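Worksheet: the structure to be examined is printed underneath.
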Amino acid sequence: MRGSYGPANPRDRAVCMTNCPTLIVTVGLPARGKTYISKKLTRYLNWIGVPTKVFNVGQYRRECVKIYKSFEFFRPDNEEGLKIRRQCATTALNDVREYLSVEGGQVAVFDATNTTRERRATIMKFAEQNGFKVFFVESVCEDPDVIAENIVQVKLDSPDYIHTDTEEAVEDFMKRIKCYESSYQPLDENLDKELSYIKVIDVGRRYLVNRVLDHIQSRIVYYLMNIHITPRSIYLSRHGESDLNIKGRIGGDSGLSDRGREYAMKLRKYIQEQNIKELKVWTSQMKRTIQTAESLGVPYEQWKALNEIDAGMCEEMMYEEIQKNFPVEFALRDQDKYRYRYPKGESYEDLVQRLEPVIMELERQENVLVICHQAVMRCLLAYFLDKTADELPYLQCPLHTVLKLTPVAYGCKVESIYLGVDSVNTHRNRPENVMAQRSTEDALQTVPAHF
Amino acid sequence: VHGPRELHQNPLRKIWMPRTSNGLPQRPITQRRVCMTNCPTLIVTVGLPARGKTYISKKLTRYLNWIGVPTKVFNVGQYRRECVKIYKSFEFFRPDNEEGLKIRRQCATTALNDVREYLSVEGGQVAVFDATNTTRERRATIMKFAEQNGFKVFFVESVCEDPDVIAENIVQVKLDSPDYIHTDTEEAVEDFMKRIKCYESSYQPLDENLDKELSYIKVIDVGRRYLVNRVLDHIQSRIVYYLMNIHITPRSIYLSRHGESDLNIKGRIGGDSGLSDRGREYAMKLRKYIQEQNIKELKVWTSQMKRTIQTAESLGVPYEQWKALNEIDAGMCEEMMYEEIQKNFPVEFALRDQDKYRYRYPKGESYEDLVQRLEPVIMELERQENVLVICHQAVMRCLLAYFLDKTADELPYLQCPLHTVLKLTPVAYGCKVESIYLGVDSVNTHRNRPENVMAQRSTEDALQTVPAHF
């Protein structure tokens, strides 16, 4: 008899899980965006379901050397400094091993300069010993404006410089960069031709991609090639209040209520006042988002991928009816709202997969207003604000409120703008009792009021 | 700028569209499938002969058309063959052959005129200008043409010095070319090598500095390495992603539907039923077939529906479930017989026959939606080597259409019968198909387009082509 009969729980295809974990290794002088790329990539991978973690060697160094004095620490002839830095890298790699081999991590991002071939050889040996695939991400940039902006955005507020005035901090950091320059050995077309890597040149003007080995590396390359750092804002909003919202019913394809139409007019006014440069407007293919966009009086694009989560057999039901007709389903959903799939419908997990091309295109674009739905908006918001799968289904995305997201430093600034039009509340919190045998009262404890 | 317009749902595609002030429905609102950039794109290949330019051109064109971007290849060699009826020898390509140069320049110009026609008049979105384009001068001419016509230019250069790859290329696609069809192999190879030499001295590859303002991808050594410069928009980004995922390692893709299901037997569509007895028999036969084929490192993929998983379970090997491979969602018609759809939704039934590709079931999907859903599956199939995909009728039609370059009109009527494996093997510029019927009876689930597709047709006309069922 043949051995395996298929896995006991055949893995749902979310992302092709490579058999061995991947170690992403950044390479580049200071202020080349390595940490920015590391954090952003990690956020993306976690969102699409690939457990990923950043290991920033600078942070290990700060834990070891409590107070940063000056660039002298980084001088290539500072034996004491070199010793500490080597030790920090080793400690970080040990944590990487723990994360990938023991804790179930799939990708680790080793965020450091890694500017010498010697250091990279050490890392590769470590990876080989542990059965990790290595993928290098090098950032090369000589544009002084980009580097200056980088320093302003993320270095001045770093723990290293928090007590230093701006001019001194910049001067010291420039000297810090200089400490690395003489020994910097960029990934080389010939010497490193057996390695798997992407070289990002001048913040994405140009890329060199070498030996992409598998699916996850291919996705990483695609992602890195679509992101940019041009300042812009993303506006997230739900459709205006709908007729089914008022009745406390989920899903469906109803039109706007009077108040929903009022919101659409207020949204139009808000957008006009904001005077946004070349705003793109996206909607789903459901009537209520399109009606909302119609009020704006500007062109918009419909995306089927932005449609609300399909509640399958529970479409157009009230929560009370779901409890009555499918009490076990209702309880299962409260037990694991992210992974729960409606019968003949979708889960939040499915939604994320469906929304990935939307996120990819949002990364490519500049100013965009996305008019969508509660569950969809929660997924998009979770991506931008780095929320976990547990938090995602409970994010607050009330009607008649615009969320303005603006990338800043390593993250995203959120402004919540309530446009002053009343609506029902559609947010149902997780009740205390999630057991299937719970009483109807317990099950409906957190259902929001409706007409 | 206008206020809120009344919305009307297109009955075929189930798309909400505004009515204009005179009451007529607007031209379809932009539907996001692929970002339709405002201006068309001209892809320009660059490279010595036998570097895979035509292979890339055809494959890329097939992919773009499948995802809904109207694309066409303009192969200058073909224009040359139309002009110079009989190919004599490599001498035609000698850099000092004035007559030859004149003809070749004329052919390039004719091809560009056709490009203009396609992109500016016929509604094409992408044109692939497939020629060597090895000199900076020729590329400058093309860029000027593109600028005059408002086309974006994206270069795709293929660089390769591996003699084995070049030799294999010549065997695969040159020996059977019209140029060499009457020449014996040894002579043909010798002549072609001399032809390549004619280009080498004047070849100016895309240069890191001289060409730094251009948008291009340089594919080195059949994908070992890529240089990507100034990707300008969504379509260029998709093109780069696609080119970086394809490979030329020989392999086969096996497409099969699940074994016959209980709902199949009853003539019902959709649902999530299990296999019938004959379906289970098919699964066992499939297992035997796969074992006999002795396929190297075969990956098996299924949908998340019971019938494909049951089929895979019989194989006794690991498999991966893809929700994206689920059958088309028939929405309100799920689990109905065609007779019932005709009874309950006669207009819908007729609309589907009018445009089966774009027709979306009420609260369901269209073939067009399916293609979008399946794009990541196709991308991963390109990355993989030997794969067996166990899926469903509509899904299999979409995948098959991609591999066999079928149009949107043909796609929904492709034959994908139960209990039959389609073995697809890339060869030359296309795909060889072998159909292997594993000898287990089943119902037929293929419904042809009836003659009468009008909404007011009789029940008899509507059900004319419904296949027999129990």
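Every residue, even glycine, has its Cβ placed from backbone N, Cα and C.
The feature domain '6-phosphofructo-2-kinase' is assigned by TrEMBL to A:17-231. What TrEMBL records for A:Arg238, A:His239, A:Gly240, A:Glu241, A:Ser242, A:Asp243, A:Leu244, A:Asn245, A:Arg288 is substrate binding site. Among the features that TrEMBL reports, active site, tele-phosphohistidine intermediate is placed at A:His239. Feature annotation from TrEMBL assigns active site, proton donor/acceptor to A:Glu308.
Between the CA atoms of A:Arg238 (substrate binding site) and the residue listed as 'active site, proton donor/acceptor' there is a gap of 10 Å.
Here substrate is bound by A:Arg238, A:His239, A:Gly240, A:Glu241, A:Ser242, A:Asp243, A:Leu244, A:Asn245, A:Arg288 per the record. The longest Cα to Cα distance in that group is 14 Å. Within 10 Å of its Cβ, the residue among the active-site residues A:His239, A:Glu308 with the fewest other Cβ atoms is A:Glu308. The secondary structure of A:Ser242 (substrate binding site), as reduced to three states from DSSP, is extended strand. A distance of 11 Å separates the Cα atom of A:Glu308 (active site, proton donor/acceptor) from that of A:Arg288 (substrate binding site).
Across the domain '6-phosphofructo-2-kinase' (A:17-231), the prediction's mean pLDDT works out to 95. The C-beta environment of A:Leu244 (substrate binding site), restricted to residues of the same chain at least 6 apart in sequence and closer than 8 Å, consists of A:Ile250, A:Gly251, A:Gly252, A:Ser254, A:Glu316. Other Cβ atoms within 10 Å of the Cβ of A:Gly240 (substrate binding site) number 30 in total over all chains.
Residues near A:Ser242 (substrate binding site) in space but far in sequence (CB under 8 A, at least 6 apart, same chain), listed by position: A:Gly252, A:Ser254, A:Gly255, A:Leu256, A:Ser257, A:Gly260, A:Arg288. Packing around A:Arg238 (substrate binding site) is summarised by its Cβ count: 29 other Cβ atoms lie within 10 angstroms of its Cβ, all protein chains included.
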